[in-house]
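Per TrEMBL, Fe cation binding site is recorded for C93, H135, H139. Per TrEMBL, active site is recorded for E136.
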Amino acid sequence: MTSKTVLTSPNAELRVISSEFPKEEFGTKETAAFTRDLIETMRVENGIGIAAPQVGVHKRVIIVDVGNNKPQAFFNPKITSKSFTKIESEEGCLSVPGVFGIVKRHRSVTVTAQNIKGLNETFRAEGLMAIVFQHEIDHLDGILFIDKVTRYTSHPKL
Ligand code: ZN
């Protein structure tokens with residue numbers, strides 16, 4: 001298990017749109033190792049979520065710590081439905097160290113994704129979990145939370 005270097009903004013790699021996680025890579029040793037490394041990187045950095053592009057891999061994989069210290073990998077995650085209601089909360093990002101700000105997101109989302117074996121699963125997330133899913137899936141499209149901040153709560157330039 002190796003912790004990888006997390007790329008930080010304004011690194012252009014963070015703005016690349018990630019491609020679908022390829023079918024043929026499910027169930028391989030490489031995928032298992034990469035997933036473990038991504039989880040380890042998130043743990044070392046004390047994150048509750050991480051996306052592959054944050055370590056320079058442009059494939060659609062995210063890790064979400066779903067609570068109880070049980071990080072889970074989601075491959076090709078897609079938001080299939082979202083609540084009309086939005087909530088505002090303070091966010092930060094491993095790729096934007098020292099910066100925190102208020103972001104408005106859907107209060108609940110339904111996410112379909114493949115698990116590490118390539119099997120489809122559907123998850124319903126609310127509150128913090130819903131926010132983490134939206135934040136991490138944004139990374140796969142090259143979007144950072146600072147693009148959506150309505151008010152900074154902590155910024156080196158404040
Ligand atoms: Zn982030």
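Keep in mind that glycine also has a Cβ here, set from the backbone N, Cα and C atoms.
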Additional residues around Fe cation, ordered along the sequence, whose Cβ is within 8 Å of the centroid of C93, H135, H139: G49, A51, Q54, E91, L94, S95, E136, D138, I143, L144, F145
Those residues of the chain, 6+ apart, with a Cβ under 8 Å from that of the residue listed as 'active site': G49, I50, A51, I62, I63, V64, P77
H135 (Fe cation binding site), number of other Cβ atoms within 10 Å: 23
Cβ neighbour count within 10 Å of C93 (Fe cation binding site): 25
Distant-in-sequence Cβ neighbours of H139 (Fe cation binding site), under 8 Å, six or more positions away: L14, S18, A51, P53, Q54, I62, S95
